[in-house]
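J.: Starting off with a structure, shown below.
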Amino acid sequence: MDNPKYEHDNGAQQNSIINNGNLQLNYGTGNNDVILTVDDAELSKITSNQNKTFIQHTKGTCLKNLTNFTKRKLFILQWISIYSSEDFLGDLLAGITIGLTVIPQSMALASIVGIPAQYGLYSSFVGTFIYLLFGTSKVVPMGPTAIVALLINNTIGTRGPAYATLLCFLTGVIQTLMSFAGLGIIVNFISVPVCSGFTSASAILVITSQVKDLIGVKGGGGNLLKMCRTVLEHISNISIGDTIMGFACIGTVMLLKAFGTTRIGPKEEELQTARQKNVNKLIWAIGAFRNSFVVIVCSIICYCCVHKTNHDITSDWAPPIPFKVIGKIPYGLPHFQWPEFSNTNESFLDIILFMGSGIIVIPLISLLENISLCRTFAEGKPIDTDQELLAIGMANIGNSFFQGFAGSGAIARGALNYSSGVRTPLGGLYTGLTVMAALVFLTPYFYYIPKTSLAAVIIAASFMMVDVKMVKYVYNSKKKDLVLMLITFFSCLFLPLEYGVLIGIVANVGFIMCSAAKPKISIQVQKNCDGIKYLLLTPDRYLIFPSMEYVRQTITKHGLALGIPVVIDGSSIFEADFTTANVFSMMSLDFSKKGQYLYLYNLKPSVASVFKGIKNCNIYLCANKDELNELLRNHFGPSQIQEQYQNETIWTSKM
């Protein structure tokens, strides 16, 4: 029954009444003069319309959310609608340039993995097609990289292409799952010194791994010492022809690289004549295609040598020439097939256990290498690490169905892609098509490519990855970071690469924890407006569990020694945890036994809530200095002030 005396906040209660079997709804209006009469039939229509509207709204919202999600994940939808003819020309030139570069490089990287050269080509085209659908960076040339290839070799050893393909699939699956779990943030916890130390060590390992092919001897091993030992064991079998050609190739590549950076005429392109611009473009092209140029010239030399001997290239015998060549490459594109999850000797679980930590390390290092490339050429734009994880994860999954091994965005090829004028990720389409054309039309000619020329290409590219300048920069900036860089560098050199990376990351976290364990604390004895002395301590950062033992000792030592109230200024405390609150609670009990009090003021609300959660605590929380003075005044009367504080000296110290 309605209460006629009940008043709503907006005025008298508006009652519903029944009039001749109809429900009258009196909606509250300013003058109470609008009454809506609704019969049962109309009421059912209103209810039905409301349900339809709700269902339509729900469907529309779901469809909109699905569309936004698809557009966000399928990144090509965000830029393909504004693709222009200028974009097409830029992407076409850059794509073909990268394609001609990746053909010799990918075959050389297959040798690092320890599998036949054609698998490097198989790894260089499917991933580019998939990355252009999901990737956010125009400069990423998805494909094999030296660092990832070295990690794959350390993980699978001599188990062959089937294991490399399965590892590629697992790498892609883990990266895709990490993307949807939002774990791309992991790369933010790996500092620049750790990355630099790892990259430089990896470059030296890559160079060392290619020495065997450079001089035509057998070799192997998972770290620097093993590689050097195996090469020295076979040094008596050195091939003079391979050695001469290999070092000549390295020198030529380096000279062409330097030549490619020279320019004629004014530095400003606007001031150059048409002839000067054309000559500069030719010089740039010579530098950009230096790897292909060297490999083609060496292949022609080997071709002439082989045909002089009338050697049957269809046989399984190596040609009797002073150079070791790649040999027969299967014709055509690889067939679609699932990775081999088990074999007659090992189950899937056995293979997983054999691969060990490499299954986790390779996806992370692949991501780290890709993000480093994206950030280098981001031009101030933010990088979506989770989306990049999805892009390279899907690309690696796609590669695994065509017998490829895991890859990422190579920094050297990315720099060439950028300088080639790439406009969008669609440049990867033309790179992939170039590699496919090579597999279809050029495989008979790959027979004559000398292994030493491919080794020279990789060695010349790896020289640029040894970041010597970074040592000077880090030393001048913060010497502690140089120690971290050297720890990572030597760990990666002399231990299996995946262990070296983990040691560098653990050392990085350890340095952070050590820094957090000893915050600086400003200590002062002050007097308030009533003449009450107190010990003021001001920590300079967050207070969390690693630092609490040091903070407790500091506060207890000075607080109990002086026998005056202890005040903590929390203006610089941005974070605290339960351990912090618990330690302060115990300190407050110790101080209360001595007739002292513990005060905290200027705390952030989030930090104050941590301390409020502690029960049976004698800590006094003050919002500001006025509240602090009031509490001090209540706890210490004039007589107590006169009795307790005879000394007027105010002193300060820094911890």
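A Cβ is built for glycine as well, from the same backbone N, Cα and C atoms used for every other residue.
Automated prediction, rather than curation, is the source of TrEMBL annotations.
Checked TrEMBL, it gives:
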- 88-488: domain 'SLC26A/SulP transporter' (DOMAIN)
- 92-117: transmembrane segment (TRANSMEM)
- 129-152: transmembrane segment (TRANSMEM)
- 164-190: transmembrane segment (TRANSMEM)
- 244-261: transmembrane segment (TRANSMEM)
- 282-309: transmembrane segment (TRANSMEM)
- 348-368: transmembrane segment (TRANSMEM)
- 428-448: transmembrane segment (TRANSMEM)
- 454-475: transmembrane segment (TRANSMEM)
- 482-513: transmembrane segment (TRANSMEM)
J.: Take the transmembrane segment (454-475) and find every residue of the same chain, 6 or more past its ends, with a Cβ under 8 Å from one of its Cβ atoms.
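T.: For the transmembrane segment (454-475), the list is 104-105, 107-109, 111-112, 117, 146, 193, 196, 199-200, 202-204, 206-207, 210-211, 213-214, 246-247, 249-250, 253-254, 257, 291, 294-295, 326, 411-412, 481-482, 485.
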J.: Taking 3+ C-beta pairs under 8 angstroms (sequence gap of 6 or more) as contact, is the transmembrane segment (164-190) in contact with the transmembrane segment (348-368)?
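T.: They do touch: at least three Cβ pairs between the two stretches lie under 8 Å.
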J.: Averaging the per-residue pLDDT over the domain 'SLC26A/SulP transporter' (88-488), what integer do you get?
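T.: The answer is 89, the mean pLDDT of the model over that range.
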